[in-house]
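First up is the structure itself, then whatever we jot down about it.
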Amino acid sequence: MEKDLQTRNFEITDQLRDPKTFPFIDNKIKTSRYNIFTFLPKNLFEQFRRLANFYFLVVIILEYFPFSPLNASISVAPLVFVLAITAIREAYEDIQRHKTDKKINNSPASIFRNGQFLQVKWRDIQVGDIVKITNGEFIPADVVVISSSEPMGMCYIDTCNLDGETNLKIHQSLKETAHIKTHEDCSNFLGNSIECELPNNRLYRFEGTLTMNNSQHSLAHKQIILRGCSLRNTKWILGVIVYTGRETKLMKNSTQPPSKRSSLEIKLNSRLISIFIFLGIISIIGSIFAAEWQRKWGEKKAWYMGGDVDTSMSPGIIGIQSFFSFIIVCNVMIPISLYVTMEMVKLIQTIFINHDKDMYHDETETYAKARTSNLAEDLGVIEYIFSDKTGTLTQNVMEFMKCSVGGIMYGEGITEVARAAAKRLGKELPPRPQKRKMKPKQEDVLTNNLKKSLLDYDDDDEIELRDDKELNLDEENENETAFVDDRFLQHLRENNENAHLIHEFILMLAVCHTVIPEENPNNPEKIIYQASSPDEGALVKAGRYFGYEFQTRTPDSVTISVNGQKKMFELLNVLEFNSKRKRMSVIVKDPEEKIIIYTKGADNVIYERLAEKQPFENIRDQTTEHLETFGKEGLRTLCFAMREVEKEEYESWNKVFHEASISLEDRTEKLEKAAEMIENNLILVGASAIEDKLQDGVPEAIELLSHAGIKIWVLTGDKQETAINIGFACSLLTSEMTLIIIDGEDPDEIMNQINQSIKEHNITTDSTKKRKLAVIIQGSSLEHALKSRVKLEFLTLAQSCMAIICCRVSPLQKALVVKLVKDNVNAMTLAIGDGANDVSMIQASHIGIGISGQEGMQAVLASDYSIAQFRFLSKLLLVHGRWSYRRNTKLILYSFYKNMAFSLIQIFFAMFSAWSAQTLFDSILISIYNVVFTSLPIIVYSVFEQDVSQDAELKYPQLYEGGNRESLFGFKRFWIWLLQGIFHALILFFVPMLVWRIEPVSSDGKVSGIWGMSIAVYSSLVIVVNLKIAIECSYWTWIHHVTIWGSIVVWFLAASILSSSLKLSSSMYDVTYHVFGMSQFWFILIFVPVFCLLPDFFYKYFTSNYNPLDFQVIRRFEVNQKKRIPTKQTTKPVPLVEDELEISSDHEKVLELQNIPQISVEKSIKKIVKGKSEKHTGFAFEYTEGTSLQVISRDRALSNYQEKEKEEKEL
C-alpha cells in the first residue's frame, strides 16, 4: 500500500504491533545468499552458467551413452573437483555472512515499551518505537533524534562505517523536543506522528515533518541518524525509528559495485569459441571418415572385429555416433581446470600485492590492498589513467598560506608549484621565509567590535578599540599554517584603512563554517577541530593562529575567543555547501544585535552575487588579479563576502525558508531558491589561498608512467591556472609541450577551437602518434564537449596529446569523461581518487584505485585496489601489473597448448583405428593428465615468473608498453601456441608408432601391443610438455625444479603403480614393466622430446642473440652486469643506452616522445657487449639511486663501459 503513496506516515507508540498486520517491515537483515535447501541448486546453476563447466557437463552426459569410448564415472571426478572447490569457497563465505547476520540481528537495544525502557533484539525493533542509545553504541535503525544528554539536543555521530569519513558529524533534535528526558516525558510524547519520504538510498538527504500538539515542525538531515553510525562524545540520545531492516539507507546503499571482468577473461571466451569451432570441425571430419569406413567395409561384416559388434549399422548412424564420440575423446582440448587454476594464481598474485613492503606507507601504517582478484592482469595493460588532483596527486593536508583582503595581497611564502615554474625558466627562488615573532607595541590594542557596518564605513573613519590587550599571533599553533607576513596584523593593529576588512575576514574564518570542536584528551587546553573537509579545518586553524579561536558550537550559537575575550554569535541559519551551490553561508546575530550573512565559496559563484557598488574601490579587480596569482602558484582559493541584513528583510525571508524546510515535495530545490533570495548584494571581503602540497614521489611516478606509454588525464575541481601549474609541478606538463586551451562557451565555439587545433597539428582520426601537446579544458566547456556533436572530435584531439587536464569538473563529468574513452577507444582505463566525488569515476573505469587519505574511505570502498600514496601506482602497474599479465597469458596459452597436443594424438590414432574414436590412453590417464602431471609447473611459473627484475621494470618503464599490444595474447599468438601443440602431437604419435612397428616383439617374445605404445607416447608427452614450460622459464627457484622434474618422476611412479594391479587398470596391467625393458621405449623417450623441442630451443637462441626482444636485452644486460661486477667496485654502474630498450617497433612512440634519434639496437648492444666503441649520436638514460631519469650521451655510456672492463682486467 505504501508503494502507492508519496510519503510514509506513522504514529509514535510504545506498543508492540503484530508483524503480520503491521504495514512496515521488521528490522531483520539478511546478507547471505543461500540456505541449507537452496545452496546446492542455486550454486550449481551459477557455476553451470560458465561456458566451460556447461560444456563438460554435456560431455559427461554423452559419456553415459553406449557409443562413448570413455568411462563416464572416471570423467566425472575432475568436473566434480572443480565444482566442489568453488562450492566450498562459496559455502564458507556464505556461512560467515550467516554468522554476521545472526550476530547483528540479535544485538540488544533499549526500546520504550509499555511505559519503560526494555532490552529487545535489533530484529524486533519496529517503526514508531522510541529507542535509547548510549555513548559508543551503534545505531540499530534509521532514527530521528528527539533529545540528548547535551544542550539543545546536540549529539556527535561517527559515520566511519557508513561513508568512511573519520571526522565526527554533529546532529541535533528539534528545539520543541529537546526537553524530553524522563519516562514521563516519553509517555507524554506518544501519540504524535511523523510524515517522511519513502525509503531511499540518499545518505545526505532526509525530508520529514513532525506533527506535535497540532503543529508541524520540519525534520531534515540534521535530525536523522542512520543505521551503521555510532554515538560518540554524547552520554545518550532518544530517537524515533523511521526506517527498519532492508529499508534503512545503509541497506539501500549496500548494492554490489558493478561487476568487472578482466580483458583477458573476455578474450578467453572468444578463444574458447574458436576452440569449440575447431573441435566441431575435427569431430565432423572424423564422423565423415567413420561413416565412409562403415559404407565401404560394414556390409562385409568384418569378422575380425568380433561377433558382438554390429557392423551392419547404416553409415549415417555411425557418423552421428562418431561425431559425439570424437567430442568425448577430444573434450580435454578444453582445459577443465583452467578457471580454478587461474583463480588460484590470481589469489596468490593479490597476496603479493597486499604484502609488498615497497607499497607500504609508514605514516598511516597502510599496505596496498587488492579488493578483487579478478583484475590483476589488467593492471599490466593500462593505457589511460584518470586522476583526481586533491588528495591523490597532492597530500590533502591544507595549510593557510596567503590571502587577499581589501585588494591587498598578504603572505610571503613560496609554493612548490611556484618553485617548479621558476625552475622551468631557469630561475632559483630563495628558501621559504621563516615565521617571525611579532613585536607588540604597548599602545597596540585589539579590535573589540564594529560599530559600523561595511556599507556605512568610510575610509576616514577609525575602528573603535576598547580592549587594551596586545594583538599577537598564536605561536603555539604556528605549525598549523604556512602564513608569513607581518603586515597583516600590523594593518589591523594600526587602524590601517584595511583594518576593518581584515577584522571581518578573520572573523569569517572563525565563524563561517560547520566545524565541530572536540576536546583534546592529551591536552585539554587545546581544541581539536573535526572538519568536513581539510579546507574547512585549515581556515578555522588560520583564524586561531591570528588570535580568533573558534571554541564552542551549539545548534543556536558559535562562540569564539578573540585573544582571550569570548564573543558569542547567535546562529540563525546555516546554508550548507554542496557541489551544485559551490558555496556556504551562515546568518548570525553578532554581539551588537546586527544580523549579518557571511558567505564563502568559489570565486565565480561569489562574484555573481556581489553588489554592483562596492565600498572599496577596485577591490573586485584587485582581488581577481590576486586570485590569478594564487592560481599560478598552485594554491586553492575561496572568496569571502558578507552583508548586513535588515531585521524586516530577514524575518520575511526566514518565513520562506521555514516553509521550504518543512515541505515534503522538492524540499531541496525550494531551499536553494530561498538561499538565492538572501545570498545577493554581497560585499567582497577578500580571498583565501591554501596550499595543498604534492605527495612525495608524484613527479617521479608520473614521469615513469608517461615513459611507459600511459596517457594521464587529471580531472580536478580547481581553476585553470591552479591546475596548469600543478601539472607542471608534478611533471605532467613540460615546457616542451604546446598547451591547447579549450574554453568556449557554446558548442559551436568549442567545435571551432577543437577543429582549429586538429588542423594546426595535422591530427587525423586514425593517428596513434602522440605529440608534445596538452589539452586544458574548463568544466563548462567540457559539458558541451561530451555531447554527441562534439565528443568524437574532442576525443580525436585528446588521443594525440600527452596529457589532458579538465578543470572545474563535477563528479558526474569525471565519470562521463572516463566513459567517453572507455566506450570509444579500444584501451584499458584506470581511475584513481580519494574522495566521495571520485566514486562514480572509479566505478566507471575498467580498474578503480582508491587512495586511503584524508577524505574518508568512500573511494577505497568503491575501488578494486587501494593504495596509500599515488607514487605506489608505478610499481602496482609496471611491476605487479606487467608480471601478472605476462604470467596469466602464458598460463592460458600453455594450458591450451598441452591439451591440444594431448587431444590431437587421439585424432591421429583414429586414422589407424577405423575412425572408431578408440582412445589410445587409459581412461584414468586421460582424467588425471591435467591435474596430476602438468598442473603444478605452470602454477609455479604463473606465480614466480620474472622476465626481468622489478628494479629493471622501474628503471626501464618502456618495457610496459609491450603489454598494451596484442603480441602477448592476440588471436595470432593464441593459434601459434595451438599449432605448436599440433606439431608436437604429430611427432609424439608418429615417431613412436614407426619405431614400434620396427620391432613390436620384445626379447622375451612378448608383444606389448597398443597399450605398450600408449605408455611410450604418454611418457614422451609428459616429458615434452614439462620441458616446454622449463624452456619458457626466465626465473628459476628450487620450487621450479621440484615441480617440473617432480611431475615427470610422479608419472613414472604412477605408471608403475597402475601396472601393478588388474583392479587399478586392466589395460595397463603388467604392461609398464614390460615396456620399460624395451630399447624402443628409451629411444622414443630420448629422441621424441629432442625432435619436439629443438625448434623451440633454436628459436629462443636466435631471438635472444640475433633479434632480441626488449626484455631479453635487459635481462642479458643484467646478467652481464652481475658477472662483471668485481668485489671491489670503483666506478658507477654502467648505464644502459636508451636504444637497448627500443628493440621492437612498438616503441617508436616512446622515442618520438623523448625526441631520441633511433639507432639500431642490435648493433649497439653487440658493440657494448664486445667492448667495441664507435662514434654515436643521440642520448641515453642514466639512473642513479633516488633520482629521476637523466640523459647522458651515448659516447659517454660506451666510454664508461670500456673503463669498467679495463678496471676488471686489472683486478
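Using N, Cα and C of the backbone, Cβ positions are placed for all residues, glycine too.
Among Lys357, Lys600, Lys613, Lys670, the residue that TrEMBL places alongside Asp388, Lys389, Thr390, Glu536, Phe577, Arg636, Thr716, Gly717, Asp718, Arg808, Lys814, Asn837, Asp838 at the ATP binding site is Lys600. The highest tally of CB pairs under 8 A with the transmembrane segment (73-92), across 51-67, 272-293, 891-912, 1010-1030, 1081-1099, is held by 51-67. Least crowded of the binding-site residues (Arg636, Arg808), judged by neighbouring Cβ atoms within 10 Å of its own Cβ: Arg808. In this chain, the transmembrane segment (272-293) does not touch the transmembrane segment (924-944); fewer than three CB pairs sit within less than 8 A of each other, excluding pairs fewer than 6 residues apart. A separation of roughly 12 Å, to the nearest angstrom, links the Cα atoms of Arg808 (ATP binding site) and Asp388 (active site, 4-aspartylphosphate intermediate). In sequence order, Asp388, Thr392, Pro811, Lys814, Ala831, Ile832, Gly850, Ala859 constitute the residues six or more apart from Asp838 (Mg(2+) binding site) in its chain with CB-CB distances below 8 Å.
Sequence-distant contacts of the transmembrane segment (1010-1030), counting only residues of its own chain at least 6 positions beyond either end whose CB sits under 8 Å from a CB of the stretch, comprise 894, 897-898, 901-902, 905, 920-922, 925, 933-934, 937-938, 941, 984, 988-989, 992-993, 996, 1040, 1044-1045, 1047-1048, 1051-1052, 1055, 1067-1068, 1071-1072, 1074-1075, 1078, 1080-1081, 1084-1085, 1088-1089, 1092-1093, 1096.
Listed in sequence order, Arg583, Met584, Gly601 are the same-chain residues six or more apart from Phe577 (ATP binding site) with CB atoms under 8 A from its CB. Sequence-distant contacts (6 or more apart, same chain, Cβ under 8 Å) of Thr390 (Mg(2+) binding site) comprise Asn396, Arg636, Asp692, Thr716, Gly717, Asp718, Asp834, Gly835. Taking residue pairs at least 6 apart in sequence, the transmembrane segment (891-912) and the transmembrane segment (272-293) share three or more C-beta contacts under 8 angstroms. Highlighted: of the candidate stretches 51-67, 313-340, 1042-1061, 1081-1099, 313-340 has the greatest count of Cβ pairs under 8 Å to the transmembrane segment (891-912). Long-range Cβ contacts of the transmembrane segment (1081-1099) within its own chain (Cβ-Cβ under 8 Å, at least 6 residues beyond either end) map to 980, 983-984, 987-988, 991-992, 995, 1012, 1015-1017, 1019-1020, 1023-1024, 1027-1028, 1031, 1075.
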